[in-house]
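Lifted from TrEMBL, the feature list:
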- C:6-388: domain 'Glycoside hydrolase family 42 N-terminal' (DOMAIN)
- C:Arg103, C:Asn141, C:Trp321: substrate binding site (BINDING)
- C:Cys107: Zn(2+) binding site (BINDING)
- C:Glu142: active site, proton donor (ACT_SITE)
- C:Glu313: active site, nucleophile (ACT_SITE)
- C:400-586: domain 'Beta-galactosidase trimerisation' (DOMAIN)
Amino acid sequence: MKLGCCYYPEHWPEDMWAGDAARMVNIGLSRVRIGEFAWSRIEPQPGQYDWDWLDRAIATLGDAGLEIILGTPTATPPKWLVDSMPDMVAIDADGNPRGFGSRRHYCFSHAGYRKECERIVTAMVQRYGDHPAITAWQTDNEYGCHDTVVSYSDAAAQGFRRWLAENYPDVDALNSAWGNVFWSMEYPDFEAVDPPNLTVTEPNPAHVLDYRRFASDEVVTFNRLQADIIRAHSPDRDIIHNYMGFFTEFDHHKVGQDLNVASWDSYPLGFLEQFFFSDDEKHRYARQGHPDIAAFHHDLYRGCANGRWSVMEQQPGPVNWARYNPAPLPGMVRLWTLEAMAHGAELVSYFRWRQAPFAQEQMHAGLLRPDNVEDIGASEARQAARDITMLGALENDRSEVALLFSYEAAWLLETQPQGQSFRYLELVFAMYSGLRRLGLNVDIVAPEAELDGYAMVVAPTLPIMLSSLIARLGALQVPVLIGPRSGSKTDDFSIPANLAPGELQDLIPLKITRVESLRPGITAKADSGEISRWLEHVETELTAETGLEDGRGILFASGGLRYLAAWPDAALLEDIFGRMAAEAGLSVDKLPQDLRMRRLGDLCFAFNYGTQTVELPETANRDYILGSSRIAPADVAVWKAG
Amino acid sequence: MKLGCCYYPEHWPEDMWAGDAARMVNIGLSRVRIGEFAWSRIEPQPGQYDWDWLDRAIATLGDAGLEIILGTPTATPPKWLVDSMPDMVAIDADGNPRGFGSRRHYCFSHAGYRKECERIVTAMVQRYGDHPAITAWQTDNEYGCHDTVVSYSDAAAQGFRRWLAENYPDVDALNSAWGNVFWSMEYPDFEAVDPPNLTVTEPNPAHVLDYRRFASDEVVTFNRLQADIIRAHSPDRDIIHNYMGFFTEFDHHKVGQDLNVASWDSYPLGFLEQFFFSDDEKHRYARQGHPDIAAFHHDLYRGCANGRWSVMEQQPGPVNWARYNPAPLPGMVRLWTLEAMAHGAELVSYFRWRQAPFAQEQMHAGLLRPDNVEDIGASEARQAARDITMLGALENDRSEVALLFSYEAAWLLETQPQGQSFRYLELVFAMYSGLRRLGLNVDIVAPEAELDGYAMVVAPTLPIMLSSLIARLGALQVPVLIGPRSGSKTDDFSIPANLAPGELQDLIPLKITRVESLRPGITAKADSGEISRWLEHVETELTAETGLEDGRGILFASGGLRYLAAWPDAALLEDIFGRMAAEAGLSVDKLPQDLRMRRLGDLCFAFNYGTQTVELPETANRDYILGSSRIAPADVAVWKAG
Amino acid sequence: MKLGCCYYPEHWPEDMWAGDAARMVNIGLSRVRIGEFAWSRIEPQPGQYDWDWLDRAIATLGDAGLEIILGTPTATPPKWLVDSMPDMVAIDADGNPRGFGSRRHYCFSHAGYRKECERIVTAMVQRYGDHPAITAWQTDNEYGCHDTVVSYSDAAAQGFRRWLAENYPDVDALNSAWGNVFWSMEYPDFEAVDPPNLTVTEPNPAHVLDYRRFASDEVVTFNRLQADIIRAHSPDRDIIHNYMGFFTEFDHHKVGQDLNVASWDSYPLGFLEQFFFSDDEKHRYARQGHPDIAAFHHDLYRGCANGRWSVMEQQPGPVNWARYNPAPLPGMVRLWTLEAMAHGAELVSYFRWRQAPFAQEQMHAGLLRPDNVEDIGASEARQAARDITMLGALENDRSEVALLFSYEAAWLLETQPQGQSFRYLELVFAMYSGLRRLGLNVDIVAPEAELDGYAMVVAPTLPIMLSSLIARLGALQVPVLIGPRSGSKTDDFSIPANLAPGELQDLIPLKITRVESLRPGITAKADSGEISRWLEHVETELTAETGLEDGRGILFASGGLRYLAAWPDAALLEDIFGRMAAEAGLSVDKLPQDLRMRRLGDLCFAFNYGTQTVELPETANRDYILGSSRIAPADVAVWKAG
Ligand SMILES: [Zn+2]
Ligand SMILES: [Zn+2]
Ligand SMILES: [Zn+2]
C-alpha cells in the first residue's frame, strides 16, 4: 500500500514547493494529489490559461519522485464563469439559488456548465495526459458534498422531463406507474411534470424516487463526460473519484463503473459526531471514531470499482466541520492507516499536507502545522510507512460475508420512512457492525454483484428486489438473511400484488400483512435480544425461529434463507449471525467491545479502538509482526495467520 | 347508526366494482363515499367531461343497495387547470407558492378558482343531484388540511382589504381599533394594508387576528358557494363536510351553519402521536389512542350542525402520516365504532375500503389489504355491525355539562400566547378530560349556543366574552366555571378598560391585575393539586375557594360562578369539577385511568382503553347487552341504564 | 441618580397628559423619554408635519418640571414612506424582504432612507433643539433589535463593495487577505463581490467577518448622521442611544464615540429566559434574573461613552416577549434601580409609564396598569426615589478589575466557533461572574481602553490582538489573565505565522499547536475545578500552574501574565482569580451564591438576588444607611465603607 497526501501548491509560495516534496518523500509518502480547486489559477480570465505555475509544480513534485494524482477543477468554477451564466447554479427545494462564495456552486444538469467542464478538462488532459509524473486523475471532488446532488433548477426540470421520456413509453404509462389518479395528479404530457418540490404536502413517492434516480444519473453522466475525455487523452492512467462517508445521494456503484479506482475521504471523528450514533457512542469514541466507521466504508467502496480502492483523504488530526472537533487519540492516525491496509487499500492519502492558515478550512489539521512544523499526524504517517514496508504487499481476496447495499433502497426509504426512526444507513451499519463484532470479514456489494463464493449473504433491507436477484439467492447454498421491508415495493414504488416480500415468497412462504413503526421506548423482547422501531405482521405456516413474548414470530427460515421481520438490536443480531456462521462452517468469536480484527492474505490484524489495553482473546503460538497480544489503546497487532 | 366506507372506483379496475359493493354489504356497510379526488377523471381535459365511468360506478354501488355520499372534487384541481391560472395556488408565509403535485393546491380567495369550482360542482350536481342512490354530498375534502387555510397570495391580500372595508367604517377606525399608532403602523387607506407576514418582528396582534378571521370567513364562503349549488339542485340530500382532528384554523361552527351534517375524520393513533400528549401518554396509549381523543371530537362536532354528525373517515389499522405508525390493538376498530355510536353518530365510515398499493397513502391501511383479502379492520367492522343491530337506534339528548369552545379563542391565543406553553386546545382538552374522568357526559358547544338545561357549564377560556354571553351566564342557575384569561380582551384585541375579566366583573367582583407565564418545572401547590404554566394575580374582596401556599387565591366563587386564575393539573380539576357536580346534584365516580363511560338514551357504554382488564366500579343488577362487568383490553360493555 | 420613564403621549387622550406628568413628579421621576415611535403622527402625510400635538406634549411635561429626552423617530418609518421606496427594507439571508407591519423595517445602507432620516431629524431638531425642556436626544431606538444589523439588500451589497474598496488597496490585496485562492474564490474586481449569503456551504470566514465589520460600520455612520445634525442644532444637549442586552451585532464602542451618554434597556427576567443560562439558573432566578445580568451590562456600557451611562428602559413588571414571562419578586424593581446607582448610572428610566392596552406590547407591564392604577413597579420606584435621595450623589471611579470586551471577537467566534458550545458572550459572562462572586468591582472596557490603574486585567478571549495592546499588556505591573483562543487570528482572519497566541508569545513563551472542541459531557479535572468545551495543546518550556490529570498543562504564567488554555468552570475560575487578587493585593471574599456587592465612592451596596434571607459575611461596626446585615429576598443594604 502506498501513502500520499493532498497538496495545494497554489496556496504556498513557490519557494516552498521543493522542500515540501522532499519532506513528503522523507516521511514515506509516494503520491500526491493536486489541482482540484485551482480553476481560478489555471484560467484566471475567460479562455486565458496560465499553465506555467502548474507545469512547475508538477515538475517539482515529479522530480522528487512523487506520483501525481491530478484533479479536474470542476468543483470550483471561478467567479467570472458563474457571472457569465448565473443560471448554472443549483436551486434548492425552496427555490433559492445556491450561489458563488464557497464550492460546488453548479447544477449537474446545466448544459452550459457541462460544456465548460468539457473544455477545461480537455485542456488539462491534453496538456498533462501523458506527463510521466501523472499517475492518475481525480474527477471533480466529492460529488454531492453539501447536499448538491438534487437541484430544482430549470435545467434540472428540463433534464427530468427528458429522463422521464426516455424511461416511460408515454405519459399514460407514467401516470399509471406512479398511480397519479390518486389525487388527480395525472399529467397531460411529460412537459407538464415539475420537480417534486414546493408541493402543499408530500408529493407522490414514485415522483420523488424517479427524481432521485434522475439526479443520480445526472452525476453518472457528468462524471462519465470527464472520464471519457481522460480515457481518450491520458492512456494508462487511473481515473478516480473521491467519495464521502455515510453518503447515499447518488449511486456510487454506477459512477464506479466509469472509474478505475474508487476512493473515499475518511474522517472518523467527524463522522461519529455528525451521524446517527448514540450519545454514549459519541462520548466513548470521541477521539477514536466508532470502530466500524472506517472499515464499513473500506468494505463498501471496495465493491464499487472492481475491487480497487483507496483512501484519498485521511483525517490527520482535528477537523473543522463537525459540531465538535476533538483530536484523535495518539496512535489513531497510524491505526486508521494500517486498518485501510488490512481492508486492501492501494493508497492512503492524508488530507492535507500542511494546515492552511486561511479560508474555510483553516482549522482543519494537516500533516504539518501552519508554521511548517511536523504535527502528530506526520510522525504517525512516518511510523505507518515503516510498518507497511515491514508488512509487505497484500492482495484483496473475497471476504466471508457478502452484505448487499443499494443506493436506491436509501432513496426509497428516505422518501417513505413510514416511521421516522427507520433509517437505511443505520440498519445497514447495525448489521455490518454485528458481523464485525463476531470477527467476520465482510464485502459490501451491489445487489447485482456475483455472490458465488461467499459463505454467508446478508441483505439488511432491499425494498425493491429484482427477479434476477431472487433467482440468484435461491440458487445459493449458503445461509442468507433478508431484513425487514425487503421486497415490499415494486420498481414503480407500489406494493406488490402479492404483498411484501413480493417474489421473494417463492423462496420463503410468508407474507407481510401489516407493518408497524414504533416510537422510541416501545420495544419487545425476542429471545436474548429485543426489537424496536419496526415490526411486521407475518402470515405464514412456517414456525418462527425467533418470536416475541406475545407469540408473534419475527424470524423465519426456509432452507438456508431467513427473513427477519423487525428491527433487531445487537444481541439479537449476534444470535442470528452466530447461528448462520455455524451453519456456514465459519468459526466466530465475540470480540471485546473496542477490538476489531481483519484477515487479509496470510495476515491477521487487530485494532484497539478503546482507551484501555486489550488482551487478545487467544494468543498461543502467534507470530507477531507488529505488536503483541496486549494491545495498547489506539494500537495495532499483526500476525501471520496460523 | 350506519356503517360505511370511503371508496375510489377510479383507483381500481372496473371489473372489481361489483364484487367490492357486494362485500361492503356483506360486512354490514350501507353507505359509501366516493368522488372527492376524481376531478382529473371527471374532466380529463378543459371542458371535456367524462361522466361515463362515474355513472357506472354509481349504478353499481347503488344497485348493491348502498347509499352514496358524493364528494365534490375541488380539493384536487387537475394540472391543466393549475397551469391555466398559476396564481390560483396559495402562497406561504415566506412568499413561496404551494404548487401542484399533491392536493389542496388552491387559495380560498382566488376568484378564478371559485368560478371553476362553481362550474364543476354545478355540472356534477346537475347530473347526479336527484339520482336515487345519492343520499348526501360532501363538499371538498378536509378544508385546511396541510395548513391551507391561511394564504398570503395577492388574491388573499385583495380579499383581506375588501373584508376590512366591510368590517370597519373607515381606515381611521381600523387604525384606532388596532392601535396602529403604537409603532407608527397607521395606514393611509385600506389599500395600504398587507397580510401580516414578512414583518421584521411580530405584527400587530389585532392585524393577525383579523387576518385569521378573514381567512376563516373565506372558508365559510367557499363552502357556502358549493352548498348553495347543491341545495338548489339536489333536494333532500344532506350536505356534509369532513372536519379534521385538533384543528382550529377556521370556524367550524360557522361552516357548520351551511351543512346538514358535520362529519370528522377520526385517526386516534395518529392524533396521539402528532399532538400535545406527553411521552408517557404516547407510550401508554400508542395502540389505542388517548381515551378522550375520539370522544372529544365527537362531542365537539356534534355541536357544529344542529346536533347531526358522523365519522366520515375512521382509522381501520395503521396510518402512514404520523411520525410513528403502530397498529391498533385488536378490538380498537370496533371500540372506536361503538364509541361513536355512544356519542350519537349517524354514520361511521371507514377510510378506506381497500389499501391502495400506489401513491402517497399506500401505507395507509384499509378494511381490505392491497391483495384484496379482508384485514383486521373488516372483521371488526363486521362485528360492530352486529353489535349496532343488537343495540338498536339511539337518539341524541342533551348532556350534563356544556363546555364552551371558541375558534376565535384559539386564534387569539396562538397570536398572543404570552407564555409558550399556553395552548388553547390543550387547556380545553384537559378540562374535557377532567369531566370525562368523572363519568360526566359533555356537549362541546359554541359560546353562542343555548345553555339552558345543562347542569354545569365550563368555559376553559374565552379571552373575548360578548356581553350577551355574560348576560346568559348570569341568568343560569347552575355551577359555572370560567377559566383563566377569560374576558381578558376586547373584540379589537385590546385589554378591557376595567382589566380582565372585563364585563364578567359584573358577575364576579374580581380583577386580574397581572399575569405570569411560567416555564416548565415552575409549579405551585394548590390544595390537593398543583398549578403551572399560567398564574394570574387577582384583586378582589372575595375569599378564595382555593389558594396557593403563599396565600394567593386562584379560585374564586360568586353565586354559582367560579373563576379559575391559573392553569390547573388533573387533581385540581377533579376537586373543582367534583365540587361543581355535587352542587349540580350530579353523582360522579372517579373512573379507572383507562376506562370511559357514556350514557345515551337508556344505554350505558363502557370502553376499556387500557391493556389490562378493567373491572367496572359497580356491577350490581346490570342488564348487559354487550360484554360484562369485566372488560378486556379494547373491549366494550353496554347495559341498560338502571 | 435621576429616575424617569418612557412615555407615549400619542397613545393617550390629550386630557390625560397633565395628570400623567403630575403623577410622574409625585412618584419621584424627573425625566421622561418621548417621541421615538411617533413618525406617523409627526408627519402623517409626505412632507406635511403636524407639530402641534408634540408642542403641547412637550409643554405639558416641561411645565410639570420634567426634563425631556426626545427620540428621533427613525426606527418606525410610516407606511407612506415605505411604499414610496419599497427597496428601503432590509433583506434577510434567504433573500426575503423584511417588510412593514412592526418596526425597524429599514436597511441601514439604503441611501434614500438615510436622506429621509436626515430630513425628519433636521426638522425635529430645528424645531426643538433649544427648547428648554429638552435635556437630551435619543437617536433612533435599539439599533439592531430583531436582528436588523445585517441586511443582504442591493443597497447593502453596493455599500459593502464601497467599504471593501476603502479598506483594501485593490482586489488582489483582498483576494490575498481572505485567501480566496482556497476554493477558486478569487474575485476579478470589487464589483464581483457579493454578500456572503446563499452560498452552497459556509462562505469564507474572512468574507463574513468583513461583512460584519461593514454592517457594524453602517450602524456607526447611520447614528453619526443623526448625531451630527443634533450636535449642530441642539447645543448642550446629551446625545444618547439605548443599547440592548446580550447584543453584539455592532460595535457599541464605536457608536459610543458619537454619543454623550450610553444607555441600555434592562429586562433581567426576559434576558434570563432568552439567553444561555442553564435550566437550573432559569428556574432559580426566574423572578429575579441571574444576579450578574444587570451588573454585567452596567459595567459594559459604562465603558462605551467616556463613563457616562444610563438605564433608558427598566423592566417594571412582567414583559411580553420572552418564551415565559413571570413577574419580578416584590422588591426587585427597587433592587434593580439601586443596583444601577451602585454601578454609577445617571438615570434609571422605567419602560413604560402606563401599560398600553393595544398592539404588540399590550402584555408588557408599566409603572401604571392599563386602568391607570399604580402597579407594583410604581410603588417600588417611589421607594427607590426616596432611597436615592437618602444616599446622595455618587461619582464613578475606576474599578479594581478591567475586563476586555471586543465586539469583533464576538463576530469572529460566531463565524468560526469550531465547536458549537464556544460562545463568546457566555465565556465573558462566566469570567465576569467569577470576578463578581469574589466581590470584585469590574470595568468592562474596549481593548483600546487605558489600562493603567487597574489592579487586575482579564481578557476572556481576544482572537485578534493588536500589537499595541500586547505592548500595553507587557508594560502592566499587575496580574493579567488571557483566555483561550486569544491571539489565534490575524486581522485578516488567518492563523498567525507563529501560531496562536501570535505576538503574545513575546510576553509568554508558549505556542498553541492544536485545539479541541469537546461535546457536552466530555470534561477533565483540573485541580479543584474542571474544564470542558475547549482544550488547547500547549507547546512550552514553562511549568504549568494548573494541569489536567493526564499531565497536560492548561494554565501558564510568565511574570504577572497568565494564559488559560481551556474553558474553565466556576471553581477553576475562583482559584485563578483568587490567586491573581492575592498577587494584586486585593482582599476577596467568596460571596454567598445569591448575594452581590458593589462599592462606589464611600458606599458599599449589597443585593440579595435569592428567595431566602442572607446574612452578610461580616457585620461589625457597619454604619447602615439602608437595610441591615440581614438582607431579605430582593432587598438591599447600603453602608459607609469602613
Ligand atoms: Zn466535503
Ligand atoms: Zn388530511
Ligand atoms: Zn427591543
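Every residue, even glycine, has its Cβ placed from backbone N, Cα and C.
Automatic prediction, not curation, is the source of TrEMBL annotations.
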Going by DSSP, is C:Arg103 (substrate binding site) part of a helix, a strand, or coil? coil
Cβ proximity for C:Glu313 (active site, nucleophile), under 8 A, sequence spacing 6+, ordered by residue number, returns C:Cys6, C:Asn242, C:Trp264, C:Asp265, C:Ser266, C:Tyr267, C:Ser349, C:Tyr350, C:Phe351, C:Arg352
Mind computing the max CA-CA distance among C:Arg103, C:Asn141, C:Trp321, which the record assigns to substrate binding, rounded to whole Å? 17
Take the recorded positions C:Cys107, C:Asn141, C:Glu142, C:Glu313 and keep those with a Cβ under 8 Å from any chain B Cβ; what remains? none
So what sits near C:Arg103 (substrate binding site) in its own chain, CB-to-CB under 8 Å and at least six residues off in sequence? C:Phe37, C:Ala75, C:Thr76, C:Asn141, C:Cys145, C:His146
The mean pLDDT across the domain 'Beta-galactosidase trimerisation' (C:400-586) is 98
At the level of the C-alpha atoms, what whole-angstrom distance separates C:Trp321 (substrate binding site) and the residue listed as 'Zn(2+) binding site'? 23
In DSSP terms, helix, strand or coil for the residue listed as 'active site, nucleophile'? strand
Mapped onto three states, the DSSP assignment of the residue listed as 'active site, proton donor' reads coil
Among C:Arg103, C:Cys107, C:Asn141, C:Glu142, C:Glu313, C:Trp321, the recorded positions whose C-beta sits under 6 Å from ligand 3: C:Glu142
With Cβ-Cβ distance below 8 Å and at least 6 positions apart along the chain, what are the contacts of C:Cys107 (Zn(2+) binding site)? List them in sequence order. C:Met88, C:Val89, C:Ala90, C:Ile91, C:Tyr113, C:Ser151, C:Ser153, C:Ala155, C:Ala156
Other than its own, how many Cβ atoms are within 10 Å of the Cβ belonging to C:Asn141 (substrate binding site)? 25
Min neighbour Cβ count (10 Å) across recorded positions C:Glu142, C:Trp321 flags C:Trp321
